[in-house]
């Protein structure tokens, strides 16, 4: 089939983890559990940010977007993975592959920008608390969220359109989804234009946002350390809003350690997501094993979306109170209906 164009085929074969049949059932169970947890955790977060007026703040606006994004991101690839792990015929139609590739790229790119926007929001809240309501008003927040979505959607459209136009000499994708790098390995010849587009977009969406996040956290931690009095800590606590409910700034060393621990948890998710993506998209195309790439894809495609609501929100007292309030209302409604 050398030299034959991709348009000759109406479907692709997905290699997935076919070389490890005993591992497939284990991966199916873990992937299914993590997918269900991702759907549940992110859906709960979206629900309470809509129905609870106390959570209609800039931080929860961004977190709501992040949760919706994580649901779309995992739903674009995990159902296909689950089906193929149990199926002997691991195939996907051409149109399905194109949609999957676009949605995965769009959601992943949007999340890269949104994580940087959220870091800026926390920087303003903690480092300039008095100006926070002015700087991060609702109109600005909506605009920043919109920019994140537009940036991710347009860059994904550009990458997908270039990737699908390149002539290919096969239809066996050595991956469990239509991941763009795996699809590009089917190309008959290397495309300098495609390589340049991928490199430029990867640099703009990966190391630059991650650098901005790290700089924001340096200023945040520096500001926390400079708050010496209990009164100053309490003022920072009350002014910075819901985010600081997970950062207990008390006068003891234990309080500082807890604040650092919470920031560390947030940075863990950021490093996990960006680190995995950087190792995928900014490494030489000839280096590394495809099996390792599959594991890395599972890491930032399944694990990170599951951890996001836990680390960013579900450990937050305000979120817990809101969940209890919503569940309480639902229980009362059901009780009244039965009566």
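Glycine too: its Cβ is placed from the backbone N, Cα and C atoms.
Note that the structure is predicted; figures quoted are calculated from it, not measured.
Within the set 25-48, 121-144, the record from TrEMBL flags 25-48 under the feature transmembrane segment. Sequence-distant contacts of the transmembrane segment (294-314) (same chain, six or more residues past either end, CB-CB distance under 8 Å): 16-17, 27, 31, 34-35, 37-38, 41-42, 44-45, 60, 63, 66-67, 70-71, 73-74, 77-78, 104, 108, 175-177, 179, 265-266, 268-269, 272-273, 276-277, 279-280, 320.
Sequence-remote contacts of a segment are chain residues at least 6 beyond its ends whose Cβ falls under 8 Å from one of its Cβ atoms, and for the transmembrane segment (25-48) they are 17, 55, 63-64, 67-68, 70-71, 74-75, 78, 81-82, 85-86, 298, 302-303, 305-306, 308-310, 313-314, 319, 322-323, 326.
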